[in-house]
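For reference, the structure is listed below as structure tokens.
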Number of protein chains: 2
Amino acid sequence: MEPELIQHLRNSLASSPRLRIGLGDDAAILHWHDREDLVVTTDLISDEIDFLLAEVDPRRVGRKALAVNLSDLAAMGAEPIAAVVSLLLPKRPPQGTTLELATKLYEGMLPLCEQFDCVVAGGDTNSWSGPLAISVTAFGSCGAAPPLLRSAAKPGDVLLVTGQLGGSIVGHHFDFTPRVNEARKLAVEGLAHAAMDISDGLLLDLSRMLKESAVSAVVDLPAVPVSPAAAKLAESSGKTPLQHALSDGEDFELLFTASPEAAAKLASEGLLGTSVTVIGTLVAGEGIWADHVGGKRLEPQGFLHQ
Amino acid sequence: MEPELIQHLRNSLASSPRLRIGLGDDAAILHWHDREDLVVTTDLISDEIDFLLAEVDPRRVGRKALAVNLSDLAAMGAEPIAAVVSLLLPKRPPQGTTLELATKLYEGMLPLCEQFDCVVAGGDTNSWSGPLAISVTAFGSCGAAPPLLRSAAKPGDVLLVTGQLGGSIVGHHFDFTPRVNEARKLAVEGLAHAAMDISDGLLLDLSRMLKESAVSAVVDLPAVPVSPAAAKLAESSGKTPLQHALSDGEDFELLFTASPEAAAKLASEGLLGTSVTVIGTLVAGEGIWADHVGGKRLEPQGFLHQ
């Protein structure tokens, strides 16, 4: 969402006691009457921006539409409960009929639903002369565990990521596994302080976490786990593999902070069932700093001003 | 949603114990762990289908996007809790900038939120080269009252509607008041059996309620409350005002059934604070019948085959 609009909404909406966590995190947390907290997120993907319908199996598109929302629930440490799906279907899809397209989109979602025990609770299906767009709203619950918030990072924390970063455009942005199970383990066992998912690039998303937490980070650039896809892209992009890993969008990995003790355990013992890498430490102050170049400041866009 | 897709989804999804009421009603009812039931609905509106952005104040569009969802919550007898909003914004709106458009859409929603104590809990904002689309997901709760279902109509019930029908295109489809308060009173005081909102035309929506309840209705056509807008449209449309009232979409009034005793009270005593009209009775069997033309069957599309 555009920063100006977020600010406008924050000013308009900030006062409701029902909105425990609202704009500025990966998902909202609602609290009303005596019910337990409900974690809610919504994410819309559309043709030509998030995928090219003419070039991809619609099942992968449907899967992605749900997966990006499950990734947002994971970012809060929530377990998925249900999702609702609004479709805007082109009247003349690149292949097949509109109904076939809708059916394939759902076919792509259902295995992921099953994998993460998430029910499709309903939807709204429309056809029009425009391109395909899919809006998913997903609900989850943190249960008895406290949610993982962007604002909970503290000086002295260690910064970690799951998986490998960069080059998602090659295919990972369709096929990634939302880090629901990893995040639930972090939340339930109290292993993480702050967390978010990396959707717009490591440095840009990190800058958001730091802003919400009012802290600074020193990133150990050589430690950042670079994906083979980032290395492949770098062969022709004019960027280094590391630059791809720092700035490419749609990694959908977890970026989180932990105490040094928890971080050491997580990085060495494979507790999450997924690779976890220490990439830096949090300090008082503001901004993102690269320690290996004598304390140079990194721009959130991912360009290293050397 | 297209009937074939609904059937496909019902077949794929029907088995979850978490989905207490799912596809086939105005909203889904979710139940999980020991939480109370959560009522969820989603509705997407788009330029050129549900409004003409070039010809209308975007505030009215934003208001409508939320109002149609609140109307679905009302149809279940639920009180609103919160909504999330996904915007697909044109990069070149007919007037002003994309950010101004987004701001006006929200400005149209916020007074309605306040009126019905509904929090905007978050959203996703995207811009693209296509037209404007707005997807809203709304959550509500029936509290201790049982939800109002389409499937609860019984032979012997009386059929009622709120307000006046037809001609919504003249302006009502932007400015209608979702019947949240009326429906809550019906639900909390146990005054209604089945209920739904009229979004696709009286006869078509009635046929859906009858199908879900496996009953038939005899409609007293002269009793159907016809709006002044329907009469105005009839001057040039080639249809009668009644035909508009029977088949025009987007009335967003409540269609519900009640015992004869409750119906008499509701129609005469102004209990709901909104006009309520008895328009027929439910009987065993199937289909919709017009008693004033000697038992002729009415087609759900709203055409009276005389």
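Backbone N, Cα and C atoms are what each Cβ position is placed from, and that goes for glycine too.
TrEMBL: automatically predicted annotations, no manual curation.
Together with B:ASP26, B:ASP72, TrEMBL lists one candidate of B:ASP197, B:ASP200, B:ASP205 for binding Mg(2+) 3, that being B:ASP197. Considering only the binding-site residues B:ASP50, B:ARG150, B:SER199, B:ASP200, the residue whose Cα is spatially closest to the Cα of B:ASP124 (Mg(2+) 1 binding site) is B:ASP50. Take the binding-site residues B:THR41, B:THR42, B:SER199: by the count of other Cβ atoms within 10 Å of each Cβ, the lowest one is B:SER199.
Each residue in B:ASP25, B:ALA27, B:VAL39, B:ASP43, B:ASN69, B:SER71, B:LEU73, B:ALA75, B:MET76, B:ALA138, B:ASP197 lies on the same chain as B:ASP26, B:THR41, B:ASP72 and has a C-beta within 8 Å of the C-beta centroid of that Mg(2+) 4 site, without being one of the site residues. Listed binding-site residues B:ASP26, B:ASP43, B:ARG150, B:ASP197, B:SER199, B:ASP200 compared with chain A at a CB cut-off under 8 A give B:ASP43 as the close ones. In the domain 'PurM-like C-terminal' (B:168-287), the DSSP tally of helix, strand and coil residues is 58 helix, 22 strand, 40 coil. Taking Cβ-Cβ distances under 8 Å and a sequence separation of 6 or more, the neighbours of B:ARG150 (ATP binding site) in its chain are B:GLY24, B:ASP25, B:ASP26, B:ALA194, B:ALA195, B:MET196, B:ARG208, B:MET209, B:GLU212, B:SER213.
Helix, strand and coil residue tallies for the domain 'PurM-like N-terminal' (B:24-141), in that order: 39 helix, 46 strand, 33 coil [DSSP]. Across the annotated binding residues for ATP (B:TYR106, B:GLY123, B:ASP124, B:ARG150, B:SER199), the two most widely spaced Cα atoms sit 32 Å apart.
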